[in-house]
Amino acid sequence: MPSLRSAVPAIQILTFPAGPGRQGAYLSREEVAELVAPPSDVLKLANAWLDHYGVHPPSISTKHGGSWLTLTALPVSRANELLSASYQLYQHIGTNVTVLRTLSYGLPAALEPLMRRGGATTEQEKVPRGDPGTVLLSHDQYVTPSSLRSLYKTSTYVPLAADRNVLSVVGYLDDYPSPTDLRQFMDQYRSDATSATYSVVKIGGGGDNPSNPTSEASLNIQYTSAIAYPTPHIFYSTGGSAIEDLLIKWLDYLLDQGSIPQTVSTPYGISEDTVPQDYAMYVCNLFARLGVRGVSVLFASGNDGVGRGDCLSRDSSGNSRVQFRPTFPSTCPWVTSVGGTTGYNPEVAASLSGGGFSVYFSRPPYQINAVPAFLRNVGGQYNGFYNPGGRGVPDIALQAIDFPIVLKGELWTSRGTSCATPTAAGIISLLNDYRISNGKAPLGFLNFWLYGTCLGGLNDITSGSNPGCNTDGFSAVPGWDPVRLAIVVLTLAHSGFYRSRVSGHSTLKDWLQYLVVGSGLSRASFNASSHPLFHSLTQMVAVAVDIF
């Protein structure tokens, strides 16, 4: 119901590296609730509507300063009246799971402009589960924690703020890790960290079954732990079977907490076109709220290149056409999308790396200077297959092929951007550790940093492509591209490019010092008040209400 977009100007102010004194001054739970609270007349209108249909507290509850209205213990007949709906039971042919859904719903004319959507009642698609890969028979040519720590130059850094810095992994679809498997993994691949552990928080019916671990959760916990040890870990086990249920349950819980992790690794995603646009917009603005609270949220960009299958869709005239299919929530402008690379010398884009342009979300401010050069390079190729004005993904990319994991006591291999994401999250957590231990705020939303301050410390991958939709997909080129954004993440001192751009620094500590000190620009030559991003300062005070 409220003005969720009011979090968007705030995230620009609080995370833009050269900001005028506000950067890093993140908001508390209470301050965010105040920022997005709906006007009193809107609440009166909504309550009058509910009162007309005999719906009263305790059946009505609100969260996050009134931004989410929940009705409980409501008979189906009453819900049908309220929403002009026709709820029925539907059974999934493949899983036999039965759910209560309506194919359509509506609101009174007076309320329609104020509401973006109801809850999870219509289109749903189950989030695909990761493939555990194959049993590992030999260690040759596999990407281990030691090779990652060497490649990204983190092996000599010892975290100093483990009492103030937390890394979290989100699990869905009955995905669980195993502490026994984690111990075995560490014993084999990082023997100095065999005491690594994690706590489990159950959300919305989520469980914890370490005797039946899954590959996705095991991969995430094992690699974030191996990179960021001894940083404390939380595993959020979130109940539900559809993307709408999963994301809302987890976001509701996290935004309601007074203290939240500084870094979040989430390896899940779904084709953007299978998610209702108004729902995607709503969820994306909730991610903006996490950003203004100082949280770095990383999502995998997907494993289908520019899209799975033939990618045929219908245009407004009913004609069949190819439409590339990027992955949501990776396409949300307020999360960091993680793609994949492979190989060492040279390191190239992984062909499975999801990437492209959002249909729902327009190009964000931090990509204004990065994307146009790529579009000029592409020219007319794939005209009509993608949205050239959309948010481009991914933002960063890391190694993503042939990661060994321990699953139920056996060694398996895994591949995909689900491998790259926990690696990136572990490195970001180390960056946050260094900043916190030096009296600085955590990085929070990363993308303004990645496209600005950090660019000089990152490696550019210029080979490879991401085929899909029966096409060759996009190709890696110098600069940004939808295979792995010219700033392939945190290859600290990995190449001459890095050393030439950052004055010869060659260790993580040196690069972190470069990051902590600032953008490398002279503040005297940077007129913040004239920068278009900072016009949003006044928007925070007088934001146009955009009711959800």
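The backbone N, Cα and C atoms fix where each Cβ goes, glycine too.
Record features (TrEMBL):
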- 142-501: domain 'Peptidase S53' (DOMAIN)
- D460, I461, G479, D481: Ca(2+) binding site (BINDING)
What does DSSP call I461 (Ca(2+) binding site) in the simple three-state scheme?
coil
Tell me, how many other CB atoms lie within 10 A of the CB of I461 (Ca(2+) binding site), whichever protein chain they belong to?
27
Min neighbour Cβ count (10 Å) across binding-site residues D460, D481 flags D460
A correct count of other C-beta atoms within 10 Å of the C-beta of G479 (Ca(2+) binding site) gives 17
